[in-house]
Amino acid sequence: MVLYIIGLGLGDELDISVKGKKIIDKSDVVYLEAYTSILFVSKNKLEEYYKKTIHEVDRDFAEENCDIILEQALKNKVCFLVVGDPLCATTHHDIILRAKQKKITVKIIHNASIMTAIAESGMQLYNFGQTVSIPYFENNYKPTSFYDKIKTNLNNNFHTLCLLDIKIKERTIENIMKNKKIYKPPSFMTINEAIEQLIYCEEIHKQNVITEKTLGIAIVRIGTDDQQIISGNLFKLKSLQYNQPLHSLIICANTLHDIEKEYYDMYLCDS
C-alpha cells in the first residue's frame with residue numbers, strides 16, 4: 001500500500017494541512033514520531049481531533065523496530081506523523097530509503113518548520129549559512145564543532161540558525177549497561193543554556209566568535225500564541241527570562257541588510 005509521511009506544523013493539532021488531515025482520515029494505522037521534536041499539545045488532543053488511535057514512536061522503536069511500520073505499510077495505509085516538516089530531520093530519510101527498498105510507495109506531505117518560520121525574525125532565508133545543532137554538554141562530553149561552523153558562517157556574513165538539544169526518553173549510561181528501560185525526565189535546552197555553552201566554546205577556542213558585539217535573536221515557541229522573538233547581543237539575551245521551550249537561537253551575520261536591521265531593531269530587547 002502506501003506509507004504517508006505527514007508534517008504536522010509547529011504549534012498544535014490545527015496546523016496540519018487539509019491534505020494531511022484527509023489522508024489521516026482514510027488511514028489504517030497512525031504513528032507519531034516523538035523524539036526529534038514535540039508539538040505543544042498532547043497525543044490525546046491529537047487523537048481527539050484526528051479521531052484515530054495514535055502510536056508514539058520513540059528513538060528506540062524507530063531504530064530497532066522500524067520494520068514493524070514498514071511491514072504494516074505493505075498491506076495498509078500507514079501514516080507517520082512528524083512535527084514540523086517531514087524532511088528537516090535527517091533521521092526520517094532512513095525510513096524513506098528502507099521503505100523504497102521494500103518497494104513501498106512513499107508520499108510526503110510537507111508543512112511549516114523551524115527552518116522557514118525563522119523568517120518571521122526578519123532575517124532573510126537567503127542569508128543563512130549552515131544550520132547547527134547545540135547538544136547538551138555532559139561531564140566528559142563537550143563537543144564544540146558547532147563553534148567552527150558558526151565562525152565560518154560569520155566569516156561569510158551569513159546568519160546561523162542554532163537548533164537546541166532536546167532529550168526525550170533518554171537513559172543513563174548505567175541503565176543502558178544494565179538494559180533497564182528507566183528514563184530520565186525530558187529536558188529541553190533553553191536559549192540561556194545554549195549561550196552559556198557558546199561562551200564556554202569561546203573560552204576554549206578564543207576566535208572572537210562569541211563576544212559582546214555578537215548579535216542574536218531568541219526564537220521561542222514559534223508558531224504558537226505565546227511565541228517570542230527578541231533581539232539583542234548574546235550576553236543580553238543570556239540574561240533574559242523566556243517562555244517555556246521549545247527555543248531556538250539565531251546568531252546574526254556581522255552586517256545586516258537594511259530591512260533586516262529594521263526587523264532587528266523592532267524586536268530589540270528594551271529591558
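Every residue, even glycine, has its Cβ placed from backbone N, Cα and C.
Where the annotation comes from TrEMBL, it is an automatic prediction and has not been curated.
Taken from TrEMBL, the feature domain 'Tetrapyrrole methylase' applies to 3-236.
Annotated S-adenosyl-L-methionine binding site per TrEMBL: Leu10, Asp85, Ser113, Ile114, Leu164, His247, in sequence order.
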Quick tally, other C-beta within 10 angstroms, Leu10, Ile114, Leu164; top of the binding-site residues is Leu10
With S-adenosyl-L-methionine as the bound species and Leu10, Asp85, Ser113, Ile114, Leu164, His247 as its recorded binding residues, calculate the greatest Cα-Cα distance and give it in Å as a whole number. 17
